[in-house]
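A.B. asks: Below are the features I grabbed from TrEMBL:
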- 24-216: domain 'Cation efflux protein transmembrane' (DOMAIN)
- 223-294: domain 'Cation efflux protein cytoplasmic' (DOMAIN)
- 21-40: transmembrane segment (TRANSMEM)
- 60-78: transmembrane segment (TRANSMEM)
- 90-109: transmembrane segment (TRANSMEM)
- 121-144: transmembrane segment (TRANSMEM)
- 164-186: transmembrane segment (TRANSMEM)
- 192-216: transmembrane segment (TRANSMEM)
Amino acid sequence: MHSHPHGLPHGAETERPNNRRALAVALGITVLIMLLEFIGGLWTRSLALISDAGHMLSDAGSLALSLLALLLAARPASPAMTYGYSRVEVLAALLNGLTLLGVAGWVVWEAVERFRNPPEVAGGPMMAIAAIGLFANATSAWWLMRKGDVHGNLNVRSAFLHVIGDLLGSVGAILAGFLMYAFSWYEADPLISVVTSALIARSAWGVLTSAVRILMEGAPRTVSKRRVEEALRSLPNVVDVHDLHIWTIASDFDALTCHLVVHEDADAQTVLREAARHVREAFCIDHATFQVETAPCQTRVCQM
């Protein structure tokens, strides 16, 4: 016998439109500034502006990927995809995290070369270009924080980190530009780039480990298997709990399955209702499936 509600949690359904709008606005701002910098670079013959426009093109691609993942995740479940397409968001987060690590590694590689032979950089124009990027990225980050679920949705968080990475890069570029403009200290450019890359890599690693944990069917960090076992064993008429599995399907969508051993005279439906209610209220797990038995299961899978 089993019991569980169907479909995505209510919070996930209500958050998606906000997340889509937040990503769409951030993408629009990024594309607009990218076009302005590209046109300005052609007009002024500024390679720095064109290079920054290319960097923002990469970010626009990441934001577009996250937005596409949200749109795909909203598709309903089918006989072939019984959980729907929610994990597309996790795959997008994984790809964005890898991209962030790749960018950070490339910047460090370039910085090492510049430490050896620091080129003379025009600090004034560099600060002006960085200020444009800072304004655009600050606006995008503010909008994502205001409208998007940057804490609960891994996909939106990975897109947010792309924007934050650029924002930190812009702040670092302004600081480096000032040091080079005022003191002709050209080593400031690679030094600040390395510091910024380290901060970006640290955040990217957090997204990557979270995405891999979900894809590997790991238990949610916010739920203790031991506490769930103890809570279920404390229910009336429950003798034992085994074959307990807890995993995350997508952001804000945890699932649980387990076997409950009960007394022979226990009412199975009452036990099912109490177990489902308890894990929902105590651990915020809406999608729970229980098998009720009156004798310990002897199959190999029960020992997992």
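Just so it is clear, glycine is given a Cβ too, placed from its N, Cα and C backbone atoms.
In TrEMBL, annotation is done automatically, which means it is predicted and not curated.
What's the neighbourhood like for these features in this structure?
C.D. replies: Averaged across the domain 'Cation efflux protein cytoplasmic' (223-294), pLDDT for the predicted model comes to 93.
Same-chain residues lying 6 or more positions outside the transmembrane segment (90-109) and placing a CB less than 8 Å from one of its CB atoms are 58, 62, 65-66, 68-69, 154-155, 157-159, 161-162, 165, 193-194, 196-198, 200-201, 203-205, 207-208, 210-212, 214-215, 250-251.
Listed as Cβ neighbours of the transmembrane segment (121-144) (distance under 8 Å, sequence separation of 6 or more from its ends, same chain) are residues 22-23, 25-26, 29-30, 32-33, 36-37, 46, 48-49, 52, 56, 150, 156, 159-160, 163-164, 166-167, 169-171, 173-174, 176-182, 186, 189.
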A.B. asks: Could you give the number of helix, strand and coil residues in the domain 'Cation efflux protein cytoplasmic' (223-294) as assigned by DSSP?
C.D. replies: 25 helix, 30 strand, 17 coil
